[in-house]
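I have placed the structure first, in the form of structure tokens, so that the comments after it can refer back to it.
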Amino acid sequence: MSRSYLAVPGIPGVATCSAAKFVGTEGAVIRQAPWSLSARFGHFSPESPVSARPGVPLIRAGRAVCLRWYGLPLLISLSPLQGVTSCTLKDQSPEGYVQEGDLVLGVIVELFTLSTVKYDFQEIPLPVMCYSPSLKYYRHYLAVVFAIEEINQDPSILPNITLGFQMYDSCSSERRALANTLSILTRRSSSVPNYNCNEKNVLVGFVGHLLSSLTYVIYEVASIYAFPQISYGAQDPGFNDRQQFPTFYRTVTTENSRYKAIIQVLQKFSWSWVGIVYSVDKSNKKAGEELRNEIIRIGACVEFFVAFKVKANHFEDLKNTFRNSTAYVIIIYCDTISLLYFSLFFLGENDYNKNFLLATTLDISTEKRIALNFLPLNGSLFFLGHQGDIPGLKEFLYSASPLKYPNDSYTCVLWRIVFRCENIFDYVADSNLPICTMNDTMKIFDSSIFDVNTFRLTYNMYVAIYTFAHALHDMFYDESDERMASALILGDLRRLTFQLNNYLRNVHFKTPAGKEIFVNEDGETPGHIDIMNWNVYSDGTVLIRKVGECDSASNHETQTSIDVDNIVWRTPFNKIPSSVCTKPCPLGYRKAVIKGNPCCCYGCVPCSEGHISNMSGSCAFMLDMENCLPCPEDQWSNDKRDQCIMRAIDFLSFDEPLGFSLLIIVIILSAITLLVLGTFIKFRDSPIVRANNRDLSYTLLLSLLLSFFCNLLFIGRPMKVTCLIRNVAFGVIFTISVSSLLGKTMTVVIAFNAIKPGSILRRWVGPRVPFYIVLLCSLGEVVICITWLLYSPPFPDSDTKSQPSVITLQCNEGSALALYFVVGYIAVLAFVSFFVAYLARRLPDIYNEAQYITFSMLVFCSVWISFIPTYLSTKGKYLVAVEIFAILASSSAFLGLIFLPKCYIIFFRPHKNTRNMNVITKCNKI
């Protein structure tokens, strides 16, 4: 094989890699190189021919140039463009690492993290230049090799079938990722679209990529041929659309899960006023917009949403935004390099007293010299995928070297950069680099540079390989499908791989460490998100500690746990930072929206009576409540409106002055009634007692006595029995009283009209008519009361509306209409009695009671007419007192106006209580 070399004068550390195929002539001079280093180094220009000369290292055209730019390791890819005279598409995919097998996985990883390419559309695009290899990402690379070897050695997975891979580094370039994809489909570096140049094995799917933007590129090509793809790092929630991405899967928690974690961290610390800064790439901008919408949806506010650009004039705008901002928590969406610029050239110049949430999965090293660049981010929280266990990988990583994998050009390049040694299989005699030995391994690095104990994205890659393997195993060894069995027998695996997508949807297995893996309806393997705290101490010590966890597989409202005491903040005395637009409202106040301001910038107004706010977190979102909480029915707010206290229970009791006074009045009036009744019984044969139906007088006195006693049912705590009988007793007793008065009046009317010649009323003279009047009138009231008790009986109740801080115990009448019927019936009887008594008031009889009955009925009607407005305007226990007063007043009117004059005659005018006096009076009137 002839070789062509390119001399690069003045650049130390040049290296070559093995296993490359190219065409050229030894010692040829390349006059037109497709790249220029003059802008960076000032040593080389494509216009100046460069030839090999002694002391200048030679590197092969079409290979990779390994050098260090100001101490930073670089890898520059070169492609031979000899004799190029027109704009033709040249392949940009270098030699990958290939391991043959019956089934092959196409793997595209992120190994070199930076690339530069410029498109001016005036000349042939230069090849992609890659630099800054990542030792952490090299673990992803080796995890593929480790998983494939482990699967091929496991007889329980794909027995008699060897799994291979074809792996490339995308170099963070979409252009390179596209070339990698085409090379995998063609099965060689020089891609030929729609052709497969390798018939020995079968391509079954793709694994990759770490970045969402590159994952889209790979999917757009792979999906044309219905190849399934599993990403180990793409978090864009857009991939959850199964209509648009039916063959896409991933082993990383999505941005949606990260949104949940961030939102719940904001809620945990009551941060309702935040800012968002994102790097100017499509993926981070889209993620930032989605997060902003989620923050607004829960009731918090985003003060600013700005892009970070590496431009001097943009720095000034961003500085002004930070200086004028009142948000003390800033959420950052960017990649590692953008974050480095942000920390060094922006935050490093000023202390804005801000706290940061790093929302993306960042490769922040714990090595002192690198970590100190991120010192302004000290105390920040960031979110990483859950750590997984990979037994045996630690030893495997330490055993990796070019001696073990001589055909792996990437390992060769990495060893040239890191260990500055030459692969023995690719050694050039005039090389100034020593040959790599078995001692040149990753064991020389501590965990801050090459961590072999904590696997996150590495674990995702490992699970992705195993997911493919188990899906293939389930497919080829599906006993229910005879075609699979025949394919295994005939060795015809190619025509069946299109069915792999159906098995990936239902894959369910356990890793060698025992972790259960399955794919949900969105094509994800649910997991956890670890919340990490980043701290850099004054001595340069870097500590990244886990302080919380979010379960992305959980559907519960509270799925994030945070150990607040374990977080080290950047604030003085490690005080939890506050980030709100408005200071928390005091207890007893609620927030009131101010027109024109964001919902997080509000005023505070006191809660109304009966409502409180006593929580520092609310059902709305954060610190303050939009609505005060009403107190329970049996409680009321205190003066500060921050606590519900038990309401005072109020009812008319015998212990209070009003109740006791009414009791005394009832006793006195009852005693008077008893004395009058005793007097009438004692003088029952006297003319004044016998003149107006002695039995009706006894009935009336007894009903008045009972009416006084029934007032006691209105005093005291309302109970079921007392509520049932008090108004019924009042109605029946008063009906008997009024009907007795009506009977007395009718007795006088009949007696005087019966003495007229030929009067037909003579037959009604006697005690029968009054008895029937009382009986019939009382029966009407009894029927009304029984109907009331049967259909809507009264019951004990409480009034919480009349008096704010008091619960008034009362009797609910059940049916107001029934009560109106009871009282209305009594009113009709009273009106009839008043009318009859008024007509009989001038009848000539010394013992004629009609005029006294008229006055008593007049007082009765006046009392109850005035009772109506008073009853309607009175609340609480005084309502019962008004009702008692009306009963006492009307009953006292009957007693005083009808019976006390008779008692006066009996005791003080006995000479008028004789039959002779009765006859003389009649003669005088005649």
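Don't overthink the numbers, they just go from 1 along the chain as shown.
Yeah, the Cβs are placed from backbone N, Cα and C, and that goes for glycine too.
Some features that TrEMBL has for this protein:
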{"type": "DOMAIN", "residues": "658-922", "note": "domain 'G-protein coupled receptors family 3 profile'"}
{"type": "TRANSMEM", "residues": "658-683", "note": "transmembrane segment"}
{"type": "TRANSMEM", "residues": "695-716", "note": "transmembrane segment"}
{"type": "TRANSMEM", "residues": "728-752", "note": "transmembrane segment"}
{"type": "TRANSMEM", "residues": "772-791", "note": "transmembrane segment"}
{"type": "TRANSMEM", "residues": "817-840", "note": "transmembrane segment"}
{"type": "TRANSMEM", "residues": "852-872", "note": "transmembrane segment"}
{"type": "TRANSMEM", "residues": "884-907", "note": "transmembrane segment"}
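Ranked by Cβ pairs under 8 Å to the transmembrane segment (817-840), the stretches 658-683, 695-716, 728-752, 852-872 are led by 728-752. Taking residue pairs at least 6 apart in sequence, the transmembrane segment (884-907) and the transmembrane segment (728-752) share three or more C-beta contacts under 8 angstroms.
Between the transmembrane segment (852-872) and the transmembrane segment (884-907), the number of CB pairs under 8 angstroms, six or more residues apart, is three or more, so the stretches are in contact. Counting residues 6+ beyond its ends, the transmembrane segment (658-683) has Cβ neighbours under 8 Å at 652, 689, 694, 697-698, 701-702, 704-705, 708-709, 711-712, 715-716, 877-878, 881, 884-885, 888, 891-892, 895, 899-900, 902-903, 906-907, 913 in the same chain. When pLDDT is averaged over the domain 'G-protein coupled receptors family 3 profile' (658-922), the result is 82.
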